Amino acid sequence: MPMDKTFNAAEAEARLYDAWEKAGAFRAGANASRPETFCIMIPPPNVTGSLHMGHAFNNTLQDILTRWHRMRGFDTLWQPGQDHAGIATQMVVERELARAGNPGRREMGREAFLEKVWEWKEQSGGTIVNQLKRLGASCDWSRNAFTMDPNFQRAVLKVFVDLYEKGFIYRGKRLVNWDPHFETAISDLEVEQVEVNGNMWRLRYRLADGATYRHPVAFDEEGRPTDWEERDYLTVATTRPETMLGDTGIAVNPSDERYAHLIGKEVVLPLVGRRIPIVADDYADPSKGTGAVKITPAHDFNDWGVGQRTGLRAINVMTGRATMFLIENPDFTEGCAPSEEALALDGLDRYEARKRVVALAEEQGWLDGIDQDRHMVPHGDRSKVAIEPMLTDQWFVDTAQIIQPAIDAVRTGRTEILPERDAKTYFHWLENIEPWCISRQLWWGHQIPVWYGLDIWPARFEDDGDDTLDEVEIFELLEDGAFNHADPTHHCAFDFEGVSEKFLDDLASLPHPLNNARVIEVASRAEAIDRLAQALADYNLNEDPTHLVYPVWRDPDVLDTWFSSGLWPIGTLGWPEETPELARYFPTNVLITGFDIIFFWVARMMMMQLAVVNEVPFKTVYVHALVRDEKGKKMSKSLGNVLDPLELIDEFGADAVRFTLTAMAAMGRDLKLSTARIQGYRNFGTKLWNACRFAEMNGVWEGHATQAAPPAATATVNRWIIGETGRVREEVDAALAAYRFDSAANALYAFVWGKVCDWYVEFSKPLFDTEAAAETRATMGWVLDQCMVLLHPIMPFITEDLWATTGSRTKMLVHTDWPSFGAELVDPAADREMSWVISLIEEIRSARAQVHVPAGLKLPVVQLALDAVGREALARNEALILRLARLEGFTEAASAPKGALTIAVEGGSFAIPLEGVIDIGAEKARLAKTLEKLEKDMAGLRGRLNNPNFVASAPEEVVDEARTRLEQGEEERAKLSAALARLSEIA
């Protein structure tokens with residue numbers, strides 16, 4: 001069946017992918033012919049996710065490496081999977097429930113809600129998998145993993161228990177990012193900074209005990225104070241006046257002469273009456289604001305640091321919903337007598353409380369002033385609500401105890417991070433690491449394997465010494481009720497059975513009948529109190545210890561998604577079981593990831609794998625940059641510049657999208673993506689398709705069979721292209737081995753479009769009518785086969801379709817052996833001759849174009865001087881040169897005729913007479929005018945780029961665009977100058 005005129009990507013892509021899957025082409029070990037393994041882990045996209053350009057870029061690079069290694073015979077595994085994405089998934093499902101008019105999460109209860117989440121996951125959670133298939137991702141989908149799969153859950157819980165028992169996980173009170181909408185702690189990655197128009201309120205805090213001081217109010221030209229006033233207050237500034245209710249100190253810089261003498265004194269907090277100290281800390285900058293800073297350790301990360309250094313209390317004055325928590329808050333009321341106005345703020349939303357505090361400050365005279373202020377406010381990236389730094393009880397990993405192996409592994413080269421600058425980011429984060437908050441107040445996720453029990457033996461309670469509680473003692477225990485208020489005890493275990501044994505050990509040391517109690521699981525502390533009290537009361541009536549129960553309840557929180565995804569490499573390979581896959585593929589070879597999650601994910605995987613199995617998770621980390629729009633701007637919905645990879649695939653085909661991303665994947669440099677580039681690379685695929693159709697029309701595919709070695713060739717053109725094929729194979733392999741994806745793509749582009757389609761196809765046309773026809777058919781078939789093979793990792797669909805429709809194939813292209821030939825195929829004589837021919841044709845074409853010779857006009861050429869090698873090359877290829885350079889013929893002369901353009905090539909020179917062909921004077925004037933305008937434009941660009949204010953204040957993408965335009969202008973100026981110089985030779 002003859003080839004179609006064009007490649008129909010829309011029809012072929014689904015058909016080809018289905019064929020690959022049915023053939024098991026992507027399964028681990030498929031096509032393996034050597035002992036080496038290659039394993040790469042997909043960064044698991046969120047189960048809620050849809051394919052965006054970052055995914056498309058990242059997975060294209062992974063697929064290239066996977067297909068390349070698979071074709072080279074490596075035992076290859078590209079491990080796919082999805083992340084359960086705790087907060088994102090819970091948000092989606094809650095929104096769906098609300099849209100359908102169903103009860104909310106809290107009304108449903110945990111178990112029923114989680115059933116709904118699993119239903120949603122089964123119905124809608126596979127969207128991104130199908131989208132990755134459209135991109136051509138050759139993952140082993142039979143091993144598709146999910147971070148909530150039972151085996152993965154076992155791994156996560158085991159690691160938590162192990163790290164807890166080693167003392168690396170603990171429960172503590174620290175400041176976290178708190179999302180009031182979802183009522184949970186969130187990671188830094190889930191926080192986005194939003195610039196807002198706001199106010200800076202200046203507040204006056206009165207010095208305690210009637211103290212006063214002299215405050216400078218006028219200064220000379222050198223900044224020295226010239227006048228003072230007596231003050232009995234300090235002025236502080238804040239964008240969040242409602243937090244003043246939790247202030248516990250005022251910080252001043254010890255070098256600030258205005259306030260240094262006040263250090264150690266106190267101010268009285270308005271509304272609250274709390275006396276708070278003035279402390280010395282370098283965080284207070286004398287040059288900013290008033291120089292005195294209100295410190296609220298429980299509601300500001302910087303203030304928390306000051307509080308830790310200076311010993312200030314931390315008082316939380318908000319609930320998880322960001323409403324004011326005052327009246328029943330013992331921390332707030334301790335040591336002070338809040339005013340009625342302060343207590344009236346209890347229960348108000350933080351923003352309403354802000355208005356009331358400002359109004360009260362104005363009424364009572366402690367509002368010093370208001371300044372308009374544009375500043376950044378952190379928001380939850382999903383809730384779009386301003387987050388609150390919140391002091392809460394959370395679970396933490398004591399990262400300081402486990403980071404050193406992760407640092408050492410990169411420093412010693414066990415794991416390499418590329419580009420090198422990203423290794424610095426990695427080190428910076430690890431060397432300045434804080435304890436990692438791993439608990440989230442959500443329901444969807446890995447529930448923390450910790451159970452709590454009541455402290456049923458209060459410290460102040462004693463029995464009569466007979467190790468048995470009688471009726472009176474049990475009644476006293478109930479009446480005392482101390483276990484209602486004491487902090488609960490807790491144990492950590494893999495499951496309830498394991499934790500029951502630990503609680504039973506605790507109970508064994510208690511008097512009878514408590515030591516006979518059965519451990520049962522209940523939902524909450526409140527239920528535990530009720531069940532225990534009822535059990536003790538019942539025992540007093542029936543004295544039957546078999547009915548005595550000790551209720552425990554599981555921590556309701558779940559683990560941070562990054563905790564489970566931090567175990568992705570070993571968890572997907574079957575750990576903690578000793579699976580064959582774990583033994584064979586771990587540690588993995590390379591991780592390809594974006595720079596934005598180096599510290600959130602990459603560093604944590606390094607930390608976790610080394611802490612758990614004492615091995616690095618991967619040998620190389622390749623960090624790619626961002627995909628931006630064609631002007632260098634970050635893609636965002638608000639700017640309307642988002643490119644949807646699926647829409648691009650629909651319009652241009654997956655191969656064009658993949659090749660574009662690959663060709664632009666310069667290490668460490670952001671991509672500037674445009675549809676024009678994608679269209680251009682679609683044309684590249686069309687060029688290869690047309691070359692194969694040309695081959696078909698000339699009988700190349702008749703009886704053609706796949707051959708690893710090139711055919712024996714005698715024709716110079718055939719010997720030359722065989723050598724070029726050997727060269728490009730070496731270039732591609734060297735580039736991919738060094739993760740220079742752009743170099744591989746650009747080498748293939750230059751070879752396929754330039755050497756094969758532009759030159760070899762043209763050179764071969766006359767040979768099909770000579771005795772070299774059979775050899776040329778064999779050579780062209782072999783060369784085009786190699787084009788398909790070498791391009792397949794980047795453009796899998798069109799190459800697989802071409803492979804199936806050309807010649808006789810024993811197996812699919814996806815499993816065809818990668819070539820091993822190289823520069824040994826180069827024939828020096830053929831290479832020298834054809835390079836000379838191409839150089840002459842290109843020089844003539846360039847000269848014609850520069851001086852605007854009409855494209856279809858054939859010109860005579862005068863041979864001025866030529867060595868013996870050149871004469872032989874010209875004699876053998878004269879017809880080709882005349883046809884491809886659009887020449888009438890060659891003559892010889894000792895000197896160039898008047899009005900001729902000279903051309904130099906290796907071993908000689910030629911002249912092209914132009915008198916009467918073009919108006920040389922008019923052409924020079926046109927070029928000069930164009931050059932003058934270009935110089936003017938470039939001068940403007942240089943002026944902007946030489947202006948420090950422009951470079952410092954303009955958006956990065958605007959500066960980059962100016963630099964790009966200047967570079968393009970320099971290139972254009974060089975071309976115009978060269979053309980003018982050529983014309984100046986003539987007249």
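Using N, Cα and C of the backbone, Cβ positions are placed for all residues, glycine too.
Annotated motif ''HIGH' region' per Swiss-Prot: 45-55, in sequence order. Under DSSP, residues within the motif ''HIGH' region' (45-55) fall into helix, strand and coil as 3 helix, 1 strand, 7 coil.
For the motif ''KMSKS' region' (634-638), DSSP puts the residue distribution at 0 helix, 1 strand, 4 coil. Annotation comment: Swiss-Prot describes 634-638 as motif ''KMSKS' region'.
Annotation source Swiss-Prot lists ATP binding site at Lys637, citing sequence analysis. Of all the Cβ atoms in the protein chains shown, 7 others lie within 10 Å of the Cβ of Lys637 (ATP binding site).
The coiled coil feature in Swiss-Prot is assigned to 917-987; the stated evidence is sequence analysis. On the 0 to 100 pLDDT scale, the model's mean across the coiled coil (917-987) is 81.
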Who are the long-range neighbours of the motif ''HIGH' region' (45-55) in its own chain, taking Cβ under 8 Å and residues 6 or more past its ends?
82-85, 88-89, 92, 121, 125, 127-128, 131-132, 134-135, 146, 594, 626-627, 635, 642-646, 673
